[in-house]
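Per Swiss-Prot, these features apply:
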{"type": "BINDING", "residues": "81, 83, 251, 326", "note": "Zn(2+) binding site"}
{"type": "BINDING", "residues": "81, 83, 251, 326", "note": "Fe(3+) binding site"}
{"type": "BINDING", "residues": "90, 153, 186, 254, 331", "note": "4-imidazolone-5-propanoate binding site"}
{"type": "BINDING", "residues": "153, 328, 330", "note": "N-formimidoyl-L-glutamate binding site"}
C-alpha cells in the first residue's frame, strides 16, 4: 500500500495496544514507546507504524515525506469535559475569590453560573459561535483534536438549544471533532428557585425529547452538588434520560459527597466528573460499575483549594480515569490541556505515561470515540499531536510552555508551528 503521507524519524512515538476497554490500574502505567518511529497515513487513516526506515512499498511518487528528528508524537489530545459555549466572562468575581469567598457563596449571591446564564441568554448565535471558535482554535494550537462540549448556561429551552446549535455548527466547520452533552441541569434557574423538581420536569417533558429527536446531544449531564441538585433529583433526571437513549455523565463529589457517585454507579454512567471529595467506598462503587473518573485538576487549582481528586488512589485501586480542562468562565477559565496534563503530574502525582493514557485512549472511551481516535493504531484516524520535545517526559518537565510543533487531524496537517492552516 502506498501512503499519502509518511512521517518519519520521530525520536519517540507514544503507542499502546488498545485492549478494548478503558485502561485501569496497572494498565495505566504501560505504553509502547517506539524509538526512531514512523507513521504512514492514507485517506486520513493510520495504515502503518514502525521503527527505522519505512517499508519501500509505502513510498510512491506522490507520497509526502516529512522527517521529525528531535520530535515526539502522541495521539491527538482529547478534552472530554468542557463548558465551551457561553456569553460574557467572570473576571469581576476574581477579587471575591482571592478574598476567600467560596464558589457556592458567589452562586448564592446571584453570581457564578447564574451570572453566565444571564450573559448567555442575551448573546446572539454569532456571538456565541465566534467566542467558542476562538476557544477551539486555542485548544487546537495546544494539540487537542477532540472536545466534549456541554450546554448548561441557558437554563431555558431557547438558550440551551442555541448552545447546542453552536456546537453542531462548529462540529461541521472546525477541524476539532465535537461531542455534544445536554446539561440544562447545570443549576436551578432563578425563575425556579426553591422548586428544582418543577424545573427537572420541564427538562424531562419539554427539552430532552426534542434534543433526542433532533440529535442535538449524545450525552446528558447534571450537577449533583450541595445547594444545586440532590442525588435523588439527579437520579430522577438521568434515569429518564437513559430511558430516552442518552449516554450519561454526572458532576459528582466536587465540593461535597452527597450521593452523586452512587447515582453514577446505579445508572452505569459513562463517567463521573470532578470527584475531589470521593470516598474509598465511592471509588469501589465506580470501579464495580465500570464508570470512568473524569478528573479536573485545573478547577481545583483555579478555586485555590487544597483537595485534589485522589488520582493515585483511584489508579492503584483499579479505576479508569481521564483528565480534562473543565474549561468554563468561572471555576476554570482555561482551555489549555497541556497545563492540565502537567497538573496531573505535579498535583495528582501521576507519571507522564499515566497522564498520556488518561488524555488519549481513556478520554476516547469517555466520549464514545474509541473506535476512531485515542491511540496511534493502524485503522484509526490519523489524529496526531507532534511535540517539540526529545522524549515523552519533556512536555511535563518543561511546563507552562506550548510545545506543540504540528497537529494532524484526520491525516491533514492542521497546525504548523503556531499557525492554524
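Numbers here mean position along the shown chain, with the first residue as 1.
Just so it is clear, glycine is given a Cβ too, placed from its N, Cα and C backbone atoms.
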- Proximal residue to residue 90 (4-imidazolone-5-propanoate binding site) among binding-site residues 81, 83, 328 (C-alpha distance): 328
- Among the binding-site residues listed as 81, 83, 251, 326, 330, within 10 angstroms of residue 153 (4-imidazolone-5-propanoate binding site) by C-alpha we get 83
- Task: Determine, using Cα-Cα distances only, which of these binding-site residues is closest to residue 331 (4-imidazolone-5-propanoate binding site): 81, 83, 251.
- Result: 83
- Task: Give the helix, strand or coil assignment DSSP yields for residue 251 (Zn(2+) binding site).
- Result: strand
- Counting other Cβ atoms within 10 Å of each Cβ, which of the binding-site residues 328, 331 scores lowest? 331
- Those same-chain residues, other than 81, 83, 251, 326, found with Cβ within 8 Å of the centroid of the Zn(2+)-site Cβ atoms are 82, 150, 273, 274, 296, 299, 324, 327, 328, 332
- Message: According to DSSP, does residue 330 (N-formimidoyl-L-glutamate binding site) sit in a helix, a strand, or coil?
- Response: coil
- Can you tell me how far the Cα of residue 254 (4-imidazolone-5-propanoate binding site) sits from the Cα of residue 326 (Zn(2+) binding site), in Å? 12
- Query: Among 153, 328, 330, which the record lists as binding N-formimidoyl-L-glutamate, how far apart in Å are the two most distant Cα atoms?
  - Reply: 12
- Compare all C-alpha positions of 90, 153, 186, 254, 331, the record's 4-imidazolone-5-propanoate binders, and send over the largest distance in angstrom. 20
